[in-house]
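Participant: Sharing the record's features from TrEMBL:
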COMPBIAS  305-325  compositional bias 'Polar residues'
DOMAIN    128-218  domain 'PpiC'
REGION    294-325  region 'Disordered'
Amino acid sequence: DAVSYYQQYGINLYDPKEASFFLELKKQVLSHMIDNKIITQEAKKENIKITPSEVDARIDEIKKSFPSEKDFFEALAKQKISMGELRNIIEQQLTAEALFKKLTSNVTISEAEVKAYYEAHKKEFVQPEEIHLRHILVKTEQEANNIYQQLKEGKDFATLAKEYSIDTPTKDKGGDLGWISKASLVPDLAKAAEALKDNEFSKPIKSPFGYHIIEKLGTKPAKELSFDEVKDKLTAQLLRNKQAQSLEKWFKEKKEQAKITPNPIVAPMDNPVITAWERFKFWVASLLNSMRVGKPIQGPEPSVNPKTNSESGQSNPNQENSQSK
């Protein structure tokens, strides 16, 4: 039932605070159902049809976020979503995307608008300090200490990374992470990197992914970004905002025309469409989490606005940080 279903996510519906959350969730789900009804009707008018191959392609994209297909199906089963439900929901999503693309095809933004925004928010467009790092990741502290000792004896960092590191994307590159901002690192690695001088390596550092040794190869100071440097990303960002505003206005007009006045209090929670959608929302949260932890060092790619916060990992705060070569 609904109570036991939400309890598996740590939600107690008998708790007044969590019951309030549940009511809000019901409102969101019902709102989605109304939106989906509008989308379905309008997509039919526009003769928008999604093919099975398009659904397959989107499912394949999701599968790539998991280590294996087996992990994907295990996650699907854990969220109590059948493949049939998933396909239906993805078909709805693709239908909405196709309709929204058509509805916003005439939405444009001029270079003058982009330039005006840049001038009004110039202080936000700063490239944070970047550091060039490479790292070695191993599972145990003993392995890390052994590698650390070899580095102290003068062994080549890149050679040791290729031999010992379990971080597949960087292993063959000698552990090279390229130029990154400290904000994109989990906290303990950022702290260690801050303490290092160029061409120094750290003592072993514990993180949720294992034990790291990092080496700082260089530092680039923070700098203001010119309009030409941010123009493309900023244009895309502002265009998306304008499209979203256009769609919001469109939805509002459609709901007013339909005279929809939803009452979420009486939304039947045994409705299979509602429960499937709620499960999908929880599953998406789980999926996004699995995608984040799939990248052992770096957080989300920084946006045009460098003030965006990255994900933080839970690490051992008591590790010592630096050691000269």
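Including glycine, each Cβ sits where the backbone N, Cα and C put it.
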Participant: Could you tell me how many residues in the domain 'PpiC' (128-218) are helical, how many are strand and how many are coil under DSSP?
Facilitator: 36 helix, 31 strand, 24 coil
Participant: What average pLDDT does the predicted model assign to the domain 'PpiC' (128-218)?
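Facilitator: Residues in the domain 'PpiC' (128-218) carry a mean pLDDT of 95 in this prediction.
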